[in-house]
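Working notes, structure below.
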Amino acid sequence: MDYPHVVDQVMSAVRPHIGEGAVADYIPGLAKVDPKQFGFAVATADGQLYTGGDVHVPFAIESISKAFALALVLGRKDADVWKRVRREPSGMAFNDLIELQLENGIPRNPYINAGAIVVADELLADTGDAVAALRDFFRAETGNPALDVDSVIAESELRSGDRNRAISYLMASFGNMRNTVELALDHYFRQCSFSITCAELAKAGLVIARHGLRADGSRLLSEDDARHITGLMTMCGTYDGAGEYAYRVGLPTKSGVGGGLLAVVPGVCSVAAWGPGLDAKGNSVSGGIALETFSRTGGFSVF
């Protein structure tokens, strides 16, 4: 595959759209981000990295962290998490309470906020420090020993997190929290606030693309669990835009309101795009164009 050519095609397609969309202004730390930025990175399973644009500018990982937290839980052979969260798409908003109430505090999937809080709660119960577990993972996979939580973003998450508190207390009322709500949410908010670059995100995503193998060759996940993570990314990874992403991109993808997107071509590569401007569904406008162009130009769709 001529990856430099594919990246050039992506950059050409995206350039007219850089800055489109609206930043996530409901989180104060994200509201200040300059939307006229864009980065794109492809990390291949054989260790090569191909990039374009602002690939070394750090941004908040936000909901993309949910895929990695789930990977760490499943990597600990903790199948009990599936008693606490389902594996079905939700047609409701990612921070919805009504469906959660009707379904007795069991979230539909691990990528909506309720499900991700359950996973963070499970990882915290398993490890004693969910944030430290994620920090160690990110540093090892990216090769950046300084990668860490952005304290400003974490504080913004904390201050604007009342809906997540309501979700968590509702789940607690149904007996679906192992830790106290405030402790679990402290880890969840910080989990979403890791500061990462496009190049680093692509490298971290290789653990999923390599069917569970880490950068050092050790196994984090079984091949089955890696496949389960990508299946959920396809069904539920881009909020209410998952169907459109399956149609346009055809790759397992996880998005975050920080403007990041992570997609994987199983067995081949991991792809990260970042553009802070979001569409109405909360997905990066420029990032979506990038992934669609990448998939079409390289013939990467899994369908």
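Cβ from N, Cα, C; glycine included.
TrEMBL entries are annotated by machine, without manual review.
Computed from a predicted structure; not experimentally measured.
What TrEMBL records for Ser63, Asn113, Glu157, Asn164, Tyr188, Tyr239, Val257 is substrate binding site.
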Distance in Å spanning the most remote Cα pair of Ser63, Asn113, Glu157, Asn164, Tyr188, Tyr239, Val257, given for substrate: 19
Fewest-neighbour residue among binding-site residues, criterion Cβ within 10 Å, set Tyr188, Tyr239: Tyr239
For Ser63 (substrate binding site), nearby residues of its own chain (Cβ under 8 Å, 6 or more apart in sequence): Phe94, Tyr111, Ala116, Cys192, Lys254, Ser255, Gly256, Val257
Surrounding CB atoms that lie within 10 Å of the CB of Glu157 (substrate binding site), all protein chains: 25
Residues near Asn164 (substrate binding site) in space but at least six apart in sequence (CB under 8 A): Asn95, Asn113, Ile117, Leu185, Tyr188, Phe189
